[in-house]
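Listed features, source TrEMBL:
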- 122-156: repeat 'WD' (REPEAT)
- 473-575: domain 'Small-subunit processome Utp12' (DOMAIN)
- 584-676: region 'Disordered' (REGION)
- 600-649: compositional bias 'Acidic residues' (COMPBIAS)
- 650-662: compositional bias 'Basic and acidic residues' (COMPBIAS)
- 663-676: compositional bias 'Acidic residues' (COMPBIAS)
Amino acid sequence: MAAGGGGSCDPLAPAGVPCAFSPERHAYFALASTDGHLRVWETANNRLHQEYVPSAHLSGTCTCLAWAPPRLQAKESHQRKKRKSEAIGTGDQIDLLALGTAVGSILLYSTVKGELHSKLVGGGHDNRVNCIQWHQDSGCLYSCSDDKHIVEWNTRACKVKCKWKGDNSSVTSLCISPDGKMLLSAGRTIKLWVLETKEIYRHFTGHATPVSSLMFTTIRPPNESQPFDGITGLYFLSGAVHDRLLNVWQVRSENKEKNAVISFTLTDEPVYIDLTLSENKEEPVKLAVVCRDGQVHLFEHVLNGHCKKPLTSNCTIQIATPGKGKKSTPKPIPILAAGFCSDKMSLLLVYGNWFQPTMERVALNSREPRMCLVRDISNCWAPKVETAITKVRTPVMNSEAKVLVPGIPGHHAAIKPPLPSTEEVESKRKLGGNEVSIEERLGAMDIDTKRGKDDLLQTSSFPVLLTQGLESNDFEMLNKVLQTRNLNLIKKTVLRIPLHAVIPLLQELTKRLQGHPNSAVLMVQWLKCVLTVHASYLSTLPDLVHQLGTLYQLMESRVKTFQKLSHLHGKLILLVTQVSASEKTKGMTSLGQKAKLVYEEESSEEESDDEIADKDSDDNWDEDEEEKESTKDEDTEEENEEDNEAEENGGDRDVASEKELNGDSDLDPENESEEE
């Protein structure tokens, strides 16, 4: 069973392309590559059996595939023998392969004829098909899509038999029960449907991300004493996108428990799962799970109810290159698929690149917890050195010719002067002349000496450096560009990068966002700019959800805690402000401080009466009274001036009273003259 994935153009990209083994003894292996081609390989001799290119392979790439079950193929072949007038296929059986596309259509391909058998369109899906499942008895086909619907197809009439809404979001995976009467569907939640009535029998919740794979693990329930209704007591497993746990569920009619009973721990998201079914309660289930990081994890467990702790793998298989020489280091080779052989003691591995995979049978040893197979696959797809050298021709260049370098059109490299020949250099050395200058030596190495570091970091070269760094995966070159803090420079760089570099740039930013917080702050500026500038281009990509899945999950996990942090931040601010305010008030109410200014709204006469009772010296009162009378005689014409003088005298008396309370003597003669 394959969990569909977009994959990358890199031939040694991590696993995740749609692929599946044929049901009869794994004789064939079908793989739908990212270039839109379907390739069928013979597993026995590792030979390409057939290659099919759909007419819409560029616009509607294959997103999932499924082989027809062997019973259905036998039934089809029996009918074809009876109806010789319908000479559709030759041979004893017809191996049908269903292909789901990114545009919503479904193709039925015949491996016997080597051509398209039929096409299922009209009234079906209008968006990406995520999963296809054949019914083992009726010959019907079930498909689910991003358009939230599940469709039941009549493959003989190539028409829609039934269509219903499966979820409020995309339906990503399907699985049919062993007796063929129930259907499992999954998006964000897992639902068990009764196929006759299209009603929901049970809900299961436990994955935070869309479910990518579903599979039943038992044919009959472990407890055989009770009568079997076809579904109660059966176990099934589920794997989700960006989830490192593979959950096992038990269908129970009497208990509506929604949690998983067993979990298996993985190193990455599962992309391909194969298992041996358990027919009784003593027989363990064997699982072979291929993860997106290219490793295979093997599990063996007896399904006997609930298990609290997640189970780790019994054995892990990895494949790597030999790494000949001192400089070359071993590199991991991704495993694309793994299937159990008929003896259940060996595993058929498919590894390498998707256009020339290598198939090998490996005997399982349960005693070894980890197996690392060293394989050299460099000869499979790399061109020979001799042929590569003979095809290279060096053009004869004129001195007036302009050489265009990658980057902005119109830029050209400076024509270098002809270098001194080796004879001239030798003659200079013999005659005792100067040695060849460093500039000439660098010129011989085709290095432009006039071009300094500052020129490399100009605005015009940033898009070129970024594109080259993404293509060559040069860490230092990417650091030079991505660690800039100039927002204007970031905008100009994002505007000028080619469109094919947008997705690799987003993937690089996603990697760096998971690093140090200081680095993440810079990456957010780049990410914001890329999403705003290239939003129209990104919206046209059919597999955008899969491309940006990691980034979305990363942002969602970080934003989850933002609300709690903001609440905590607000409470802390209130506490800190209250503490600081109380400290300020304590500091202000000290005994040694006096008010610098006192303002009272009562008249000046009442003020003087109050002051008389408080003062100890009668002499000071007489002096103040005389000053007040003199000022009143001088300014009797204007009432406004009276009030002003009264306020001033009141202030003077306050100053005098303060001095007397502090133990000061009478007013100095200098101050008296100034006031008069």
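One is the number of the first residue shown, and numbering goes on along the chain from there.
Heads up, the Cβ atoms here are built off N, Cα and C, so glycines get one too.
Keep in mind that what you see is a predicted model, and the values were worked out from it rather than measured.
Below 8 angstroms of C-beta separation, residues 4, 63-69, 71-72, 75-76, 96, 98-106, 108, 162-176, 180, 183, 185, 187, 193, 542-543, 545 of the same chain, each at least six residues beyond the ends of the repeat 'WD' (122-156), sit close to that stretch. Taken through DSSP, the repeat 'WD' (122-156) splits into 0 helix, 18 strand, 17 coil. Model confidence over the domain 'Small-subunit processome Utp12' (473-575) is summarised by a mean pLDDT of 85. With DSSP states grouped into helix (H, G, I), strand (E, B) and coil, the domain 'Small-subunit processome Utp12' (473-575) comes out at 85 helix, 0 strand, 18 coil.
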